[in-house]
Amino acid sequence: MAVVLPIPEYAENGPKELDAGSLFVLKSRGSWLHCGYHLTTAIVAPALLSLPFAFTLLGWIGGMICLTVAALVTFYSYNLLSLVLEHHAMLGKRQLRFRDMARDILGPGWDRYFVGPLQLGLCYGAVVASTLLGGQSLKFIYLLSRPNGSMQLYQFIIICGGLTLVMAQLPSFHSLRHINLVSLILCLIYCACTTAGSIHIGHSNKAPERDYSITGVGINRIFGIFNAISIIATTYGNGIIPEIQATIAPPTTGKMLKGLLLCYSVVISTFFSVAISGYWAFGNQAQPSVLQNFMLDRMPLLPKWFLLITCIFTFVQVSAVSLTYLQPTNVVLEKRFSDPKKGEFSIRNVVPRLISRSLSVIIATTLAAMLPFFGDIMALFGAFGCIPLDFILPMVFYNVTFKPSRKSIIFWGNTIIALVSTVLSLIGAVASVRQMVLDAKTYRLFANM
């Protein structure tokens, strides 16, 4: 059987050895289909259930414009990143990580002091948020069967974290390909269930009186708009494009575009259906997760079996999301604690892998249980992390790498997108901090929300 080995990194004076993180976690053995599965899991996550809530801050026209523009810009941005990666691979210098791109394109220091910490913080924050969402889904399932049950949210978060801890021992990103295929199928199912549930409630006599006026007045409305933009940007966010492309077996040319087309066929069908149906059914009463609107005074507005199926599929899919966003952390841990000269499954490497990954998941689970208001924090992460990594850096990388003419449309298009995104990132960060201050009076560690 032929074994495909990762292409080595290249220094200026020739090839150099791969570190253990690149060698063991970022194996280059996948196809474009596997790439599509990873992309879909990284983008189409239960966070999309907050899109109807974003529409309450933007209205029909603003919501549809932002949702459409974000889809177009992120697809374009991710394709630019892929083209830059392919260009360097053809030159014999394949980049396997986001920080590798920053170092090679922008210079030393950008990887260690900006892009590396930014990506790691964003991805680890996504693991914490996914663990919290998983716990909330389990609690919702529990309350459906036992409305007066006494179990607390932190207990469900621990259960979710336990599942992630076991699954986190899968050795490489490529090992997740079948899990992420299941994830793709599940996200289509629970989004279809959410859309059908919203339409059913909207047509029933239990439907709330719909009001599509934008919530908030004065300065609150303005900050609400930027909060909504941060929510939508975070929902489309994917800070691990280079790591996903690193899983593709060489040659990589054209494969990432196929994976993106598969991913965005799922993105368009799920994002727009959930956002439109949820906002249509509940208007400006849409909750931060539209599933919350399916309950009224702890009584389900839909058959229990239907809600159970939706929540179970949501829970299982969010576990796959956690595993996907753990990969940058796993790369760092493997690089630090494993020996690339020893076998991947040698005792020397298995024991540190088991301990370090377990501790990583335990810390994320503890944070999720302590901070059940993590949604506000993730909005800040979205402004500081998703927008720079997904809307700004790809434009800069492309312009620096290919040096398009300053008179060309592509140069000015990329420049304008980067500048506008920078402004939105700064304002979004201010809006997120302001919202955290306003919500501070409801914050309590280990709260049963």
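Cβ from N, Cα, C; glycine included.
Note that TrEMBL annotation is computational and uncurated.
What you are looking at is a predicted structure, and each value in this text was computed from that prediction instead of being measured.
According to TrEMBL, the features are:
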{"type": "DOMAIN", "residues": "29-437", "note": "domain 'Amino acid transporter transmembrane'"}
{"type": "TRANSMEM", "residues": "36-55", "note": "transmembrane segment"}
{"type": "TRANSMEM", "residues": "61-85", "note": "transmembrane segment"}
{"type": "TRANSMEM", "residues": "113-133", "note": "transmembrane segment"}
{"type": "TRANSMEM", "residues": "153-170", "note": "transmembrane segment"}
{"type": "TRANSMEM", "residues": "182-202", "note": "transmembrane segment"}
{"type": "TRANSMEM", "residues": "222-241", "note": "transmembrane segment"}
{"type": "TRANSMEM", "residues": "261-282", "note": "transmembrane segment"}
{"type": "TRANSMEM", "residues": "302-326", "note": "transmembrane segment"}
{"type": "TRANSMEM", "residues": "354-371", "note": "transmembrane segment"}
{"type": "TRANSMEM", "residues": "377-397", "note": "transmembrane segment"}
{"type": "TRANSMEM", "residues": "409-431", "note": "transmembrane segment"}
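Using a Cβ-Cβ cut-off under 8 Å and counting only residues 6 or more beyond its ends in the same chain, the transmembrane segment (222-241) has close neighbours at 39, 42-43, 45, 47-48, 50-51, 53-55, 57-58, 62-63, 66-67, 70-71, 74, 78, 81-82, 98, 118-119, 122-123, 214-216, 267, 271, 324-325, 327-328, 378-379, 381-383, 385-387, 389-391, 424, 427-428, 430-432, 434-435.
For the transmembrane segment (153-170), the most Cβ-contacting stretch among 61-85, 113-133, 354-371, 377-397 is 354-371 (pairs under 8 Å). Within the chain, the transmembrane segment (261-282) has long-range Cβ neighbours (under 8 A, six or more residues past its boundaries) at 32-33, 36, 39-40, 43-44, 48-49, 51-52, 54-56, 60, 63, 67, 71, 75, 184, 187-188, 191-192, 194-195, 198-199, 201-202, 207-208, 210, 212, 235-236, 290, 293. The stretches the transmembrane segment (377-397) and the transmembrane segment (182-202) do not meet in space: the count of Cβ pairs below 8 angstroms, excluding pairs fewer than 6 apart in sequence, stays at fewer than three.
With a cut-off of 8 Å between Cβ atoms, the residues of this chain six or more beyond the transmembrane segment (409-431) that come close are 73, 77, 80, 223-224, 226-227, 229-230, 233, 379-380, 382-384, 387-388, 391-392, 395-396, 398-399.
Away from its own ends, the transmembrane segment (302-326) comes close to residues 38, 41-42, 45-46, 49, 123-124, 126-127, 130-131, 133-134, 137-138, 140-141, 144-145, 160, 163-164, 167-168, 170, 176, 179-180, 182-183, 186-187, 189-190, 193-194, 197, 200-201, 240, 291, 294, 357, 360-361, 364 of its chain (Cβ-Cβ under 8 Å, at least six residues beyond either end). Note on the transmembrane segment (354-371): residues 124, 127-129, 131-132, 135, 153-154, 157-158, 160-162, 164-165, 168-169, 322, 326, 329-330, 333, 336-337, 377, 445-446 of its chain, located 6 or more positions outside it, place their CB under 8 angstroms from a CB of the stretch.
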